[in-house]
Amino acid sequence: MFKVAVIGSGPAAFYTAQHLLKSRSNVSIHMFEKLATPFGLVRFGIAADHQDAKKVANKFDELATHYQKEGRFQFVGGVEVVGSEDADAVANASLSQRRLPFSLLRKNYDVVIAAYGAESAKTMPLKQGRAVSAHDFVQWVNGHPDSIGHSDMFAHHLEAETAVVVGHGNVALDVARVLLDDVDSLRRTDVPDNVLQVLAESKVRHVRLVARRGPFQMAFTAKELREMTKLPNASYMPNELLSSEPYKSSDSLPWLDRSPKRLMQILHGSGDAKAIKSKSWALDWYLSPHQILQDENTKSIKAIQFQKTSPVSSVVPFGSKIELVPNEFVDMPCGLVISSLGYTGLPLPNCSEDLPFDARSGVIPNIQGRVIDPATKAPIEGLYASGWIKRGAVGVIAATMYDAVETADSILADLETAKPDASKQGFAGIQAHLGGKAVSYDGWKVLDEHERKEGAKRGKLREKVVDLKSAMRIIDMGDK
Ligand SMILES: Cc1cc2nc3c(=O)[nH]c(=O)nc-3n(C[C@H](O)[C@H](O)[C@H](O)COP(=O)(O)OP(=O)(O)OC[C@H]3O[C@@H](n4cnc5c(N)ncnc54)[C@H](O)[C@@H]3O)c2cc1C
């Protein structure tokens, strides 16, 4: 049997595992996850009002249950894989989360797959002031353990009437929707009760989504933008830039790609000035964030200052680099600034040499999923990458699936000429290190059932246990 260790348990981990387990009967997989719960951004990223997209977790559950019964799959939750030299952290690891040196995985498994996502928010450089990050907002709404205690902070932020969200991608739209939509639309989902309470008291009435580049560079998907224009209680306020050339006649521009044309059609067909709704939202372009301005007495945010920019050429198709000329500064009054500039990958904590990392692009250097030595470009035997940490933090789950299949195909091709290494002990080689503290898949199912039951009492899908220690306690009690 080939022993395979996967770091992470998001879509990339599950799709890679699925392809390997289905393709070969002599592969067994251990999936190491730092949190007590599986499924990565399916649980903690995808918006709560997109429950259909979250249903992919049911497929992963079927896979785990099936192959666990066969004895070829094991979930190892509450175990963070870290750098080999992080001995102090390993020794001091809390009872609710164990740390496992990467070198132990390499020593005990034939194949190690890094599928640990790209979890860090890109920061917005500002001369003065700090924006709230969309990453933190999304984690809070989704009940991520790192957001424990954040409700007071967000209650304070949501006292603002106008919020500016910097960024024109789908996550920015997710944030704007949560800020503007009626909180009742979230009550039956899995948004934690204390978050719903804060959202219900939010004073935000107007959201401006701002980007440094122009309308043809928007990175929204058509489905999400259309959904935004149809919010029942928030009007879209068209920006007059869209009434000028070349944006006005975007449909007939021969050099413009299909994707921005579609987005422009949606915007041109939206915005009913007569509809009176209690909230509103708008899009702004060619504004580069400069600094956040505070009220001198109250220290609360009163505006964000942008530097206006203009494109050198109006012929700038979607996805291409755009050259901008800086112009004058302009203040946009608001009480809250949220930066949504995307995510980036990080190396494993304290893992500098064993697992190569390209800090510039935020990914593990690889060729079709085979991790390569950055100096020689040669593949490192038995080491692979999959998902966002392999290709960068872009793409929906379908894209992550294709990417995972590519990695699995590389592994399968390499296994054709390999033999299982008898010296690799697999889980037996690391068990002593974990001290029996990891969360099994059955343990996760205990927590899952607990959350569903608590949710049912409240008429919602689930009530998430946000605190990792509490989650571990529930698992420990039920897993006996
Ligand atoms: C806010 C947001 C909303 C999105 N909405 C949608 C949507 O509506 N529809 C859609 O199709 N796609 C959506 N996506 C994209 C989708 O979530 C990604 O394509 C997908 O999750 C990437 O999968 P992954 O497995 O590479 O990473 P992740 O899903 O991030 O999984 C990585 C896993 O690794 C774990 N991990 C990290 N470090 C370690 C470590 N050291 N040791 C052990 N485990 C570790 C993490 O806890 C996590 O569970 C969204 C993304 C974001 C950020």
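Cβ coordinates come from backbone N, Cα and C, glycine included.
What TrEMBL says about this protein:
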type	residues	note
DOMAIN	2-180	domain 'FAD/NAD(P)-binding'
BINDING	A12, E33, L41, V81, W388, G395, V396, I397	FAD binding site
BINDING	H168, G169, N170, V171, R212, R213, E224, G395	NADP(+) binding site
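Locations of recorded TrEMBL features on the structure.
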residue : record               : Cβ contacts under 8 Å, 6 or more apart
A12     : FAD binding site     : G40, A115, G117, S386, G387, W388, I389, K390, T400, D403, A404, T407
E33     : FAD binding site     : G8, S9, A13, F75, V76, G77, G78, V79
L41     : FAD binding site     : G10, P11, G117
V81     : FAD binding site     : I7, F32, K34, R99, L100, P101, F102, L105, Y116, L348
H168    : NADP(+) binding site : L209, A211, R213, Q217, M218, A219, F220, L283
G169    : NADP(+) binding site : A219, F220, S340, G342
E224    : NADP(+) binding site : N170, L173, D174
V396    : FAD binding site     : T221
- Message: I'd like the number of other C-beta atoms within 10 A of the C-beta of W388 (FAD binding site), please.
- Response: 29
- Message: I need the CA-to-CA distance for I397 (FAD binding site) versus V171 (NADP(+) binding site), whole Å please.
- Response: 14
- Cα of V171 (NADP(+) binding site) to Cα of G395 (FAD binding site), in Å and rounded, measures 12
- Message: Please list the binding-site residues from A12, E33, V81, R212 whose Cβ falls under 6 Å of any atom in ligand 1.
- Response: A12, E33, V81
- Task: State the Cα to Cα distance, in Å, between G395 (FAD binding site) and R212 (NADP(+) binding site), rounded to an integer.
- Result: 21
- Message: Over all pairs within A12, E33, L41, V81, W388, G395, V396, I397, the annotated FAD binders, what is the largest Cα to Cα distance, rounded to whole Å?
- Response: 25
- Going along the chain, which residues six or more apart from R212 (NADP(+) binding site) have their CB under 8 A from its CB? Y286, L287, S288, P289, T309, L324
- Task: Would you count the other C-beta atoms found within 10 angstroms of the C-beta of R213 (NADP(+) binding site) for me?
- Result: 19
- Query: Hey, does DSSP put L41 (FAD binding site) in a helix, a strand, or just coil?
  - Reply: helix
- Note on the structure: When the binding-site residues V171, I397 are compared by other Cβ atoms within 10 Å, fewest goes to I397
- Near N170 (NADP(+) binding site), how many other Cβ atoms are within 10 Å of its Cβ? 18
- Query: When DSSP states are folded down to helix, strand and coil, where does E33 (FAD binding site) land?
  - Reply: strand
